[in-house]
Amino acid sequence: MLVSLANWLQGHYPDSFGFLRVVQYLTFRAVMSAMTALLLGLVFGPWVIRRLTELKIGQPVREYGVQSHLVKTGTPTMGGVLILLSIAVSTLLWFDWSNRFVWVVMLVTFGFGAIGWVDDWRKVVQKNPEGMASGEKYLWQSLIGLVAAIYLAFSVSETSNLRVLELFLRWVGSGFSNDLPPKADLIVPFFKSVSYPLGVFGFIFLTYFVIVGASNAVNLTDGLDGLAIMPVVLVGSALGLFAYVTGNSVFSKYLLLPHIPGAGELLIFCAAMAGAGLAFLWFNAYPAQVFMGDVGALALGGALGTIAVIVRQEIVLGIMGGIFVVEALSVMAQVAYFKYTKKRYGQGRRILLMAPLHHHYEKKGWEETQVVVRFWIITMLLCLVGLSTLKLR
């Protein structure tokens, strides 16, 4: 919004508002976006926590889980609303409203946030321990993920929505046989010119998997004070750098990455996500005053997945978000092994003491803060590995 306002003022009053040219610089707007989201979160955080407490929106804790967590019963949840509102206000202020990629990320983020909000509301307010039925939740996630995937399949290769429509119609007219341009290929990191052509259906499937998978993986990771939000900040910031490089024709050519016009504007969203995340961490650090709930975790995971697809770094997201991947795999392996052994031996057995993985380490005697900080350190290292793919080829 401020970009359009600055352009209008410079156009009508160039002598008085020439200093507003600084708003055209993407890096300046990214810094301001992060600061705006951070300040909004810090200022309104206490009020949001008080309101959640007054409304008795408290976190239920499983009695058969880690016993030290029972003291957290009643801690306000659904604090992800604070994160999302901070991101929304900051992004809307500082990004170029004509950029279609930011709108796609915003729609996915708030679509998944709405799913999480309904899930949290049913759990906490309506006292339904299951929240949304898993099938219902997956249905809505799939709907949003598929809509985004179909649009992105054609938009990452074109510079405008009109050209996106033309590409789509050519694909339909070819009997669904035309391939996508090379920009839509799956990039294999650490290799100079290695990519895999996905085709339209392959791109849609991969995009759907990345968006929905990332959303659920972040949600599964959000089980300890501060555990999920800091990796989200780190991975989101790293993806912001990829967006900046991919959106710049000079840098992308030098680093042998596909140039996606308009992708650089995603840096504004990533900066807002980092600022809002750090503000939330102020209140979510041990001992947490508030939890983000599904409304925050599902939304942030969906945002990371969507950004990774747009900047063509799906594999790198898996590297940098390795903690999210391992946490999700730990749950899948635990459930699958339990069902298999119960069917074969009549009694279910477990691979881990408790899933997700962070609870396994708690059961082994690690303190909660040890698990959290060590997972942060691992994420920092993985983000450095991911960023190294910019040059190490």
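Cβ atoms here come from the backbone N, Cα and C positions, even for glycine.
Computed from a predicted structure; not experimentally measured.
The following features are taken from Swiss-Prot:
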TRANSMEM  29-49  transmembrane segment
TRANSMEM  75-95  transmembrane segment
TRANSMEM  101-121  transmembrane segment
TRANSMEM  138-158  transmembrane segment
TRANSMEM  194-214  transmembrane segment
TRANSMEM  226-246  transmembrane segment
TRANSMEM  263-283  transmembrane segment
TRANSMEM  290-310  transmembrane segment
TRANSMEM  315-335  transmembrane segment
TRANSMEM  370-390  transmembrane segment
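Here the listed stretches are 101-121, 194-214, 263-283, 315-335, and the one with the most C-beta pairs under 8 angstroms to the transmembrane segment (138-158) is 194-214. Proximity of the transmembrane segment (101-121) to the transmembrane segment (226-246) is not established, fewer than 3 Cβ-Cβ distances being under 8 Å for residue pairs spaced 6 or more apart.
Touching of the transmembrane segment (263-283) and the transmembrane segment (194-214) is ruled out by the presence of fewer than three CB pairs under 8 A, sequence neighbours closer than 6 excluded. For the transmembrane segment (194-214), the neighbouring stretch richest in Cβ pairs under 8 Å, chosen from 226-246, 290-310, 370-390, is 290-310.
Only residues 6 or more beyond the boundaries of the transmembrane segment (226-246), in the same chain, are considered here, and those with a CB under 8 A from a CB of the stretch are 26-27, 30, 218, 252, 255, 257-260, 263-267, 269-271, 273-274, 277-278, 280-281, 284-286, 288, 292, 297, 300-301, 303-304, 307-308, 310-313, 316-317, 320-321, 323-324, 358, 371-372, 375-376, 379-380, 383, 386-387, 390.
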